[in-house]
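Here's what TrEMBL has on this protein:
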- 793-811: compositional bias 'Low complexity' (COMPBIAS)
- 838-874: compositional bias 'Low complexity' (COMPBIAS)
- 20-107: domain 'Ig-like' (DOMAIN)
- 114-196: domain 'Ig-like' (DOMAIN)
- 208-296: domain 'Ig-like' (DOMAIN)
- 301-406: domain 'Ig-like' (DOMAIN)
- 409-503: domain 'Ig-like' (DOMAIN)
- 502-598: domain 'Fibronectin type-III' (DOMAIN)
- 600-696: domain 'Fibronectin type-III' (DOMAIN)
- 580-599: region 'Disordered' (REGION)
- 756-924: region 'Disordered' (REGION)
- 945-982: region 'Disordered' (REGION)
- 1-19: signal peptide (SIGNAL)
- 711-734: transmembrane segment (TRANSMEM)
Amino acid sequence: MLQTRDLIWTLLFIGCAASIQVQITPTQGEISVGESKFFLCEVVGDATDIDWYAPSGEKIVSSQDVFVSRTDESTSTLTIYHATVDSSGNYKCVAKSADKEAQATVQVKIFQKISFKNAPSLQEFNEGDNADIVCDVVSSPPATIFWKHKGAKIHVAKDVRFKIMENAHLQIRGIKKTDEGMYTCEARVMARGEIDFRAIKVVINVLPTIRIRQAEVNATADIGTSAMLACDADGFPEPTVTWARNNVVLETDEKYSLNEDGSELLIKDVTKVDEGDYTCMAKNKAGEKEEEVSLNVFVTPRITYLNNQTASELQEHVTLTCEASGEPTPAITWSFGPRVFTEREQASWTRPDTYESLDGNVVVRSDARVSSLTLKYVQFSDAGQYLCTARNPIGQDSKNMYLEVRYSPKIQGPVTVYTWEGNSANISCEVLAHPGASVVWFRDGQQLPSANTTNIKIYSTPTASYLEITPESQNDFGSYNCTATNVIGSESKEFLMIQAEVPSAPTVEGVAPFSSTAMVNFEEPDSNGGVSVLRYKVDWRQPGQDWSSREFEVETGTNQIILTGLKPETAYEVKMAAVNGKGDGESSPSTPFTTKPIREPSAPKLEAKVQKKGNALKVNWVKQDDGGTPIKHYLVRYKPKHVSDWRPEIRVPHGSDHVLLQALDWNTEYEVYVVAENQQGKSKPAVVSFRTAMQPTAIPEVGGSGLGTGAIVGILMVVFLLLLVGVDVTCYFLNKCGLLMCIAVNFCGKTGPGAKGKDIEEGKAAFTKDESKEPIVEVRTEEANPPTQDGGAPTEPSETTPLTEAEPTSPDTTSPVVNSLPTAASNSTPGASERNTAAAVESAKSAAEASLPASAGSKDSGPAPAGATSSSTPDVGPLVDLSEGASLTVAPPKAATAASEPDAKAAEPKESTGSPSTASTAQADIKVAIDDKANANDAITKEANATETKEVKEVDAVPNSTTEVKTVPNEAPVANGNESKA
């Protein structure tokens, strides 16, 4: 490229010889606003000056926007920085050389690229407004604008709400929430094929709306309650909710509490001053909305004034006043006992109301929150408590006041009293008075009791005085005076004591006879003699025979008497007399009647009673006339009323008076027939109907004996504790562990079962190691042919076990234990040998008992009888019984769990029979092995167990058996809780 240019310049130089040529590269220039560009001016020929001229014709001088530079003698560069619209035009490059001049021009065009000058990416509008979506585009030539919504081109012809304005803005009239979304503003320049766009997010804000949950809220004041006012606000964006009262915004404090979104206002401890209107305000970008909520505060009635009053009898009037507060205004009523005084309508300060009693003595007036009760001409009966009650829809309040009426005594009580000589009677003088009155009794002007009266006593209470008189003669009957006096006045009253008489005769109205009974209907006597009739005496007989009598107690409301035990088809006559405290009255005239022939019995009287179970019934009956012959039995049938079939008939013995029907259907009506039967036949059925109870949903408690939850829990706890104790005892005996084991070792100093053998081994080892200990006697037995355990043979001997400690004498002194084995072939002398043996045994026993601790002793301190099992503790080897005439007995050790009775019996020795075979084989080599320091006078035979088994066997008189008595060192007792004990 460079060679070609050089060639062109050479040709021009040759062709033009001495002329100057100017060329601008590039020949044209298009610059976008803001861009920079340079132009190169090249000169052919010798040029002294190369200058650039602006479109205005002025020579360009380098500046910040335009810069001219001479690179060499033939070139000059024009640079335009950050071109603007004003930078466009024709720029000229002029080259000069002496008198020669050449120039070239270049046209610079400045164009504007598409530029979005004002097109916010987020534009917000309020719903319902005419929205103007702004998109200002700058370009040259001007760009064509297109609008899209959610990717689709907007056709303004299809929706009149949309319009593209002259400034290319998009207008939406009455914009809706559905118009919200992404809009695209797209700009195009067709001449250059240039396109650009901007995405605009349109957000529609919605004015808040408020929904009041409750326009009026009612609350009660002064009872510590709270009131909640609530409003729910909707809108976009989500509005903020605040509350205000009297243009003061409320915030959370001791009085008010707001939830997180402010929609609920809680007013604490409502009082009357909290009543009023509260404003709920919701605000967002779209605007603000307000709604009112009314709080109505009601006040429970409270009686604020009510005082006790005092009046005197026959005072002209007295007024009781009761004042109460509350909202709404409470209605006030008065009551005195069962009497209620109230207004016909609720009173108010504009319409007071008046209530007046029928007798005109009580007037009630109410005005607003005050009510007055006026008593005219006060009487003593007006005294007492008056109740004032104030009520409104919220509640009520009541208070009592006491009206004290001072009045003179009023004497009450029965005027006449009946009695008879020798029977005490009381004359009651009941006195009503305020203040209290004193009572005095008089008879014929003389105050009672007097010195001449011994049969009169006076008893007094605060409200009455009783005169007790025991008449001794007719003179004691008559008039008695009671006089009561207080500071107001006095009153007297005469009482009469009258001689009582026997009652008059009752009237027999008729007799209804049956076969063996008769019902006597009668009228009470006209006169009871002044005192109550206590009973009736009835006499009856067959004509010409003696009277039979029976007395019947008076039953209120019953004028019938049943005679029983009569004979069928027999004539009788009956008469009656009334009896009171004075005595028997006259008898009524006799009334004849004849019993009926023998027949079937009368139907019994029935009474049904549903039992506590609800579906069981007890039917009781009362026997009526048996028809002249004994009743054999009762027949009972029953069934539900809605079915036709009877349940199986029940036959009840004649002596029974009830039957119990169980397992009945729930909530079912039953009918029961009961028939009495004698030899003549059956009575008419007695019928009773009843309904069983509804079936309970839970089993009810019967008689209050059901177990409650606490009792069941207690039983379960006891069972659980018993199981724990059982497990602990089992562990104690089997595994030598558990709570009992710890207690036995740590507190009682005892060892568990199974530990005793171990203690014995340890004790034996200790004795073996320490030869300085005093010796004790050890008994071992040897058998050439050990007997079997069949037939109650003794058990095997135990391991070597110390029997007892020797008495602490001298180191070379031993305490042997001697055992005598009398056999059929024994040659020992009975006298000396037995005495020596007995002495040795007693010495050994004494030494053993003395060496034992008191706590290790046997329960029975005495020696065990011959043939009996030793009672010593199992830690100690058996003692040898040396009683006379008995075969050798060795008691086996007792097990830790207490040997059972069969084991004890098995341990008893067998007596020597003395048969020839026994006598021939019973010769035993008796070998007495005693320590070198010991001296024995008598030979003692014992058999040693070569295998050192753990149980001591009974030694019987058998051939070839030897018995040894050895002494082993005795270890001093160590108080470790596990030492061997005798």
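Including glycine, each Cβ sits where the backbone N, Cα and C put it.
Annotations in TrEMBL come from automatic prediction, not curation.
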Mind tallying the region 'Disordered' (580-599) by DSSP state, helix then strand then coil? 0 helix, 9 strand, 11 coil
Could you tell me the mean pLDDT the prediction assigns to the domain 'Ig-like' (301-406)? 82
Please work out the helix, strand and coil residue numbers for the domain 'Ig-like' (301-406) from the DSSP assignment. 3 helix, 67 strand, 36 coil
DSSP assigns the residues of the domain 'Ig-like' (409-503) as 3 helix, 56 strand, 36 coil
DSSP assigns the residues of the domain 'Fibronectin type-III' (600-696) as 0 helix, 46 strand, 51 coil
